[in-house]
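Below: one structure, written as structure tokens.
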Amino acid sequence: MTAAPARGSCAPLRIVLVDDHPLFLAGIAQLIEAEPGLTLAGTATTSEDATQLLEGAAPDVAILDVSLPGENGFALAKALVAGGSEVKVLMLSGHDEVQYQRTAFQIGAHGYLSKACTRAELRDAILTVRAGRLSFTPEVMAERGRGPGIPAPTRRELEVLRHIGDGLSNKEIAATLVVSERTVHFHVGNLLAKMQASSRTQAVARARELGWLND
């Protein structure tokens, strides 16, 4: 377990890393230290060491692996959230199945990333959770934002919604997704019906309110 001194008032975001694979841990630590605005507050390889580290390191974001010796990362994250910690919890795991993300969301973690993520995706996720927003896949965000009587959109409908939000026409969306314009029109019609929206603009606005589009 390693820890850095607590920060001052004008300092980079402090990140704690917890992973039981030393080589992976060292690689992510190097990425963190190389990113402007971020600094490594400490590392740990077990939940027990992580608990001690988090008590003294005063991090802004804790990046936790799911599979750890002893208590797993989910148990550690749940304890942090239940204890009222202000630390933002970002799960970083080799498990990319959606059920793992659902579990992370259900216990109160602020985000979930696959270890196959890019450097830019990791940085974006860190900044997103630090800002108080959630960082999960659109499918999980859609489940979170599902209101009474509003079915969750399909994966393809979410793609269409994103492109509508970017200002693309049906023809442009069809070209981007490599489908027919008629197929896009079908998805748009389904979305308007599901969301009880009278226009594409209203559908996008409603989707953002529900958390379906994580801008």
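Heads up, residue numbers simply count up from 1 along the chain you see.
Even glycines carry a Cβ here, placed using N, Cα and C.
Sequence annotations record features per position, and here TrEMBL assigns domain 'Response regulatory' to 14-130. What TrEMBL records for Asp65 is 4-aspartylphosphate. The domain 'HTH luxR-type' annotation in TrEMBL covers 148-211.
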Open item on the list: Just to confirm: which same-chain residues, 6+ apart in sequence, have a Cβ under 8 Å from the Cβ of the residue listed as '4-aspartylphosphate'?
Closed with: Val18, Asp19, Asp20, His21, Gly73, Met91, Leu92, Ser93
Open item on the list: Please count the residues of the domain 'HTH luxR-type' (148-211) that DSSP assigns to helix (H, G, I), strand (E, B) and coil.
Closed with: 45 helix, 0 strand, 19 coil
Open item on the list: DSSP-wise, what's the residue breakdown of the domain 'Response regulatory' (14-130) into helix, strand and coil?
Closed with: 55 helix, 26 strand, 36 coil
Task: For the domain 'Response regulatory' (14-130), the mean pLDDT of the predicted model - done: 90
